[in-house]
Amino acid sequence: MKTTYVNATIVTMNEQNEVIENGYIIVENDKIIDVNSGEFASDFEVDEVIDMKGKWVLPGLVNTHTHVVMSLLRGIGDDMLLQPWLETRIWPLESQFTPELAVASTELGLLEMVKSGTTSFSDMFNPIGVDQDAIMETVSRSGMRAAVSRTLFSFGTQEDEKKAIEEAEKYVKRYYNESGMLTTMVAPHSPYTCSTELLEECARIAVENQTMVHIHLSETEREVRDIEAQYGKRPVEYVASCGLFKRPTVIAHGVVLNDNERAFLAEHDVRVAHNPNSNLKLGSGIANVKAMLEAGMKVGIATDSVASNNNLDMFEEMRIATLLQKGIHQDATALPVETALTLATKGAAEVIGMKQTGSLEVGKCADFITIDPSNKPHLQPADEVLSHLVYAASGKDISDVIINGKRVVWNGECKTLDEERIIFEASRYKRGLQR
């Protein structure tokens, strides 16, 4: 099946960050086979021609760190620091989860993400009360591209920890798929919730299965102080000593890093999922993304969960990410719009090991989203496309979402998930949680 999308303004995110006015994209099945300017007059015979009527077309956004199973916890535990928030609000509520509630919560998060322009994401879920196969089936049904990882903790007895490692290894062997729509990573929660032995076992599983690693790291000053007091090393050095960085690793946050750590992480291909809104809301601080990029680190933007954000809008994350860097460095050139867009598209895709997506180029997967600026005053005049995408647009502006060549959202309607049912069930299950 060959489909041509014509009469579009195409934000390619190629090496030149080229914007093509009055362009077209030809998709064959799941791949882009042509991106060009002007009237459609290709040598390719196509089955369908769709007039985009001047819409902006850009790569699908890539959320490098989230927790969609937590979506029912939106608005719970506001105005709290990370540790008490986790210990007194989030973990007690997660302990009440059932398989049915977890699926309902996941569906809500998926619906919000895909309708706001996210096409790919990397996720960590707490396995308590969760049917992991049902979660993976739900993500698959959404049509989204994802790395969904089972989180490991050292809670309970040594026997509990041993069982958690065994279950996580089975999960990795079952779901790791380097080139498929769904894959996974090895995901120890953090150095403050995992024993040394568990972290070493996670490193072993990642090496033996050639997977990536996903971990929360250097998120707060308290974490750095506590780990240094307990192990005599800062979190980066401690986790490295456990062997985790033998495989490409995504660290969520990286708020509290020094220059030596940034250089070390870049050398060891450790990437950062930058969660600006979550870090601000939890009072964790502001990650120095400018310094990370200057050190050669790969960085991708992320939302974290709705419980600490409180939405999954990647446009909002792009905007706050660039504004924060300009503010903390008192440098208006810090993190310009092209860089912010890169960190939410092709740069983010590289961070989570999905190089097949993130830009609109021949050979890439057909993952793209559209915005119609013609009826949106906040996107007018419509000629400064890149600026408007970062500083003015929001997830509510999305018209269409195509993932792997399939129309997942069309004219604002999600074709893969039942929006009315999902919203009804979310409210019903939320009422059942004992707060």
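Cβ coordinates are placed from backbone N, Cα and C, and glycine is handled just like the others.
According to Swiss-Prot:
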- H65, H67, H216, D304: Zn(2+) binding site (BINDING)
- E94, R150, H189, E219, D304: substrate binding site (BINDING)
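Annotated features, which come from Swiss-Prot, shown on the structure.
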{"residue": "H65", "record": "Zn(2+) binding site", "Cβ within 10 Å": "28"}
{"residue": "H67", "record": "Zn(2+) binding site", "Cβ within 10 Å": "24"}
{"residue": "E94", "record": "substrate binding site", "Cβ within 10 Å": "22"}
{"residue": "R150", "record": "substrate binding site", "Cβ within 10 Å": "24"}
{"residue": "H189", "record": "substrate binding site", "Cβ within 10 Å": "20"}
{"residue": "H216", "record": "Zn(2+) binding site", "Cβ within 10 Å": "27"}
{"residue": "E219", "record": "substrate binding site", "Cβ within 10 Å": "25"}
{"residue": "D304", "record": "Zn(2+) binding site", "Cβ within 10 Å": "26"}
Inset, instruction - Could you check which of the binding-site residues (H65, H67, H216, D304) sits closest to R150 (substrate binding site), going Cα to Cα? - result: H67
Inset, instruction - Tell me whether E94 (substrate binding site) sits in a helix, a strand or coil according to DSSP. - result: helix
Legend entry - Spatial neighbours of H189 (substrate binding site), counting only the binding-site residues H67, H216, D304 and Cα distances within 10 Å: H216
